[in-house]
Amino acid sequence: MAEGSARRCLRLEPAAAREVLGAADTLLFDCDGVLWRGDAAVAGAPAVLSRLQARAKRLCYVTNNSSRTRDAYAEKLRRLGFPPAEPRQVFGSAYCAARYLSRALPPDAAAYVLGSAALSAELRAVGVPHLGPGPAALPGPGPADWSRAPLDPAVRAVLVGFDEHFCYAKLCQALRYLQRGGPDCLLVGTNRDHRLPLEGGATIPGTGCLVKAVEMAAEREAFIIGKPSRYIFDCVASEFKIEPARTIMVGDRLDTDILMGNNCGLTTLLTLTGVTTLEEVKGHQESDCPSRKSLVPDYYVDSIADLLPALED
Ligand SMILES: [Mg+2]
């Protein structure tokens with residue numbers, strides 16, 4: 001909404017919320033930190049989404065998490081009491097990465113995948129042959145053995161997502177595929193999130209660390225699927241008729257959710273139930289640096305439950 005140096009983040013009070021929601025026909029929700037934290041729904045969030053749906057708003061779920069399938073997200077929404085969602089309303093970086101490769105790879109080409117069982121399931125669902133998920137061991141005792149491990153002749157892409165079995169053997173193979181294929185071998189990352197917040201305040205390294213390791217070895221940059229890349233928004237826009245000016249992106253993270261929304265011309269709404277504090281927003285707002293200004297949302301709420309009064313008849 002607001003532009004450049006004029007961008008200011010306003011608390012979305014009920015009167016303004018009525019107007020902002022009235023002008024929107026689609027809402028895109030980040031999930032973790034917005035709709036739920038870990039395995040518990042944010043109090044009041046299911047009621048807000050039910051009322052939005054009752055007002056014929058289109059609801060989509062846009063998440064960088066590559067360790068769940070569309071079906072698993074639809075099931076989690078149901079389990080936590082949100083209105084029923086079809087898998088096609090869910091845009092996770094695993095599904096969107098699979099969609100990207102199904103279009104970008106030549107017929108019969110395969111992908112070498114550092115990723116989870118969910119990423120593998122999404123690739124299977126769109127018919128992309130692949131290998132790599134699961135544990136891997138070095139093929140021998142010394143570096144000479146590692147550099148001679150067999151390579152699949154069909155591999156024309158390396159895809160990096162969240163991989164709990166990430167290891168040196170996989171990093172070696174990823175580099176060797178990229179060196180063999182040169183620029184014709186695609187390098188794709190599901191997202192660059194640097195950390196994953198866990199319930200109770202702990203954090204673990206995020207997928208961005210794994211993408212960076214492969215980029216560093218290969219001395220090239222990956223094409224990124226997830227927020228803030230606009231590719232994930234383009235996936236939504238290709239499946240539904242989306243008018244950016246009538247679409248709200250709701251997220252808890254400035255450098256992914258809000259930046260993507262701002263870059264794609266959406267109205268952006270920050271919720272403080274996740275990883276961001278209002279102090280961080282104010283720091284960016286007061287900065288003269290254009291790249292920091294682009295992290296400032298149009299509006300914020302303490303929780304999306306604050307939208308309830310604006311949705312009462
Ligand atoms: Mg989040």
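Each Cβ is built from the backbone N, Cα and C atoms, and glycine gets one as well.
Because TrEMBL annotations are produced automatically, they should be read as predictions rather than curated entries.
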Binding-site annotation, TrEMBL, Mg(2+): partner of Asp30, Asp32 in Asp193, Asp234, Asp252, Asp255: Asp252
Pairwise Cα distance for Asp252 (Mg(2+) binding site)/Asp30 (active site, nucleophile) [Å, integer]: 7
Site of maximum Cβ density within 10 Å, from binding-site residues Asp32, Asp252: Asp252
Set of same-chain residues at least 6 away whose C-beta sits under 8 angstroms from Asp30 (active site, nucleophile): Tyr61, Val62, Thr63, Lys227, Met249, Val250, Gly251, Asp252, Arg253, Thr256, Asp257, Gly274
Additional residues surrounding Mg(2+), by Cβ distance to the Asp30, Asp32, Asp252 centre under 8 Å: Cys31, Gly33, Val34, Leu35, Thr63, Gly251, Arg253, Asp257, Thr271, Gly274, Val275
